[in-house]
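Listed in Swiss-Prot for this protein:
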BINDING   Gly20, Ala21, Gly22, Pro23, Ala24, Gly25  FAD binding site
BINDING   Gly222, Asn223, Ser224, Met225, Ser226, Gly227  NADP(+) binding site
Amino acid sequence: MVTFTSEASRSRSKKVCVIGAGPAGLVSARELRKEGHKVVVLEQNEDVGGQWFYQPNVEEEDPLGRSSGSINGELKVHSSIYSSLRLTSPREIMGYSDFPFLAKKGRDMRRFPGHKELWLYLKDFSEAFGLREMIRFNVRVEFVGEKEEEDDVKKWIVRSREKFSGKVMEEIFDAVVVATGHYSHPRLPSIKGMDSWKRKQIHSHVYRVPDPFRNEVVVVVGNSMSGQDISMELVEVAKEVHLSAKTLDISSGLSKVISKHPNLLIHPQIESLEDDGKVIFVDGSWVVADTILYCTGYSYKFPFLESKGRIEVDDDRVGPLFEHTFPPCLSPSLSFVGIPRKLIGFPFFEAQAKWIAQVLSGKSSLPSPDQMLQSVDEFYRSRDLAGVPKHNTHDIADFTYCDKYADYVGFPHLEDWRKLLCLSALNNSQENLETYRDSWDDHELLQEALQSSHFTNFNS
């Protein structure tokens, strides 16, 4: 186990609550403790991993993942991982800066391993750095709100409930870091007839295995990676799989899959759902379906957070957040890790965690609230001018932004090999959707990665 000797003075040490023990929460806990802060991590599951802690039993969850009838708007099941899920990026690019995601004998050694292997990596990480001692498992956060200020010092009330005993605990913290992820609460489309359609409708949040759909006619809504993966799995058992996409301008990789499987058909978006089971598409074609499976993504939700309107989720735009991390009017005592999407997650979470920890200890400072708000407004305008829908505000897909962010804390830029391996996997998936995880042509890049200090320093 690695231990840390902090140089931060005790007067700078803060009592910090981290909500969530997934990839973002774990690295946040580590970086906060490095800076001398006293850290408590609250995790609703019985182990680390967040999304990567697989939950096979979804019988008690609403099929569409609606949380309206649950306590405090929470879901019963956090993870949306399905049984066969494999990583869409090679393991070499996914590790934290000082803890590479190595293949280990006796485990899943593939470059694109299954979800269990990433969960085991996170367990290894938490054990290597002694993080478990900071985590309270089976504890769900029900309320986070400001405490009345004393001497102009902002503090936070955190109320949580133990899963089995039902015991409620209320604590005061100097700061709260929200690291709850954003792949749990389904984002559902609005389709005419959806509420009255009598046949089976589920969201991919509760999809686990293909067997329940054997010999069915299934309509899969959404052409994302999960929509494609699940469709390719369903064609082996379902009578027909009809994939409904926003555009019929599909990748050559998906086109190859469709030509290979005569029971997999592509359609445009859905116009309406009819009482007799018909699913009518916008081009006038239709099919009578047994099941509609929505692979339509997820929404940001923080049902426990009472911010008095200073942090809001508007069509999946969480804001205002300076650099997707600090709410200007509540910083630095409230922060978020893991909001951005479509980037190499673990190194970015690590950079966020370092920045938050340093700001709380006084090693780094933030602009004024007005300056941060101005920066957020400028970012929103740039997204609007680029034609980016509001619900894609946090889809970054930009290595330059990641490098700029790292400069806030002197965190190393993403290595060239990491960027190129990411792009190589993405391009390969576009061309060879069924085989890209097991067949690739980036061997020279792979060797460059394995000979880099990211791997050699760790192995030495």
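Cβ coordinates come from backbone N, Cα and C, glycine included.
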Next item on the list: List nothing but the one residue from Asn223, Ser224, Ser226 whose Cβ has the fewest other Cβ atoms within 10 Å; the candidates are the binding-site residues.
Entry: Ser224
Notebook entry, point to check: Here the binding-site residues are Ala21, Ala24, Met225; which one has the lowest number of other Cβ atoms no more than 10 Å from its Cβ?
Noted result: Met225
Notebook entry, point to check: Could you give the Cα-Cα distance between Gly25 (FAD binding site) and Ser224 (NADP(+) binding site), in whole Å?
Noted result: 26
Notebook entry, point to check: Rounded to a whole number, how many Å is the Cα of Gly222 (NADP(+) binding site) away from the Cα of Gly22 (FAD binding site)?
Noted result: 26
Check: Which residue, out of the binding-site residues Gly20, Gly22, Gly25, Gly222, shows the minimum number of other Cβ atoms inside 10 Å of its Cβ in this structure?
Finding: Gly222
Item checked: Cβ-based isolation winner (fewest other Cβ atoms within 10 Å) among the binding-site residues Pro23, Gly227 -> Gly227
Check: Inside 8 A of the center formed by the CB atoms of Gly20, Ala21, Gly22, Pro23, Ala24, Gly25, which other residues of the chain have their CB, for the recorded FAD site?
Finding: Val18, Leu26, Val27, Ser28, Glu43, Val48, Gly50, Ala179, Thr180, Gly181, Val337, Gly338
Next item on the list: Within the same chain, and leaving aside Gly222, Asn223, Ser224, Met225, Ser226, Gly227, name every residue whose CB is within 8 angstroms of the centroid of the CB atoms belonging to the recorded NADP(+) site, in sequence order.
Entry: Gln228, Asp229, Ile230, Cys295, Gly297
Notebook entry, point to check: How many Å separate the Cα atoms of Gly20 (FAD binding site) and Ser226 (NADP(+) binding site)?
Noted result: 24
Next item on the list: Do me a favour and check the Cα-Cα span between Ser226 (NADP(+) binding site) and Gly22 (FAD binding site); whole Å is fine.
Entry: 20
Next item on the list: Between the Cα atoms of Ser224 (NADP(+) binding site) and Pro23 (FAD binding site), find the distance and write it as a whole number of Å.
Entry: 22
Next item on the list: Out of Asn223, Met225, Gly227, point to the one nearest Gly22 (FAD binding site) in space (Cα versus Cα); all of them are binding-site residues in the record.
Entry: Met225
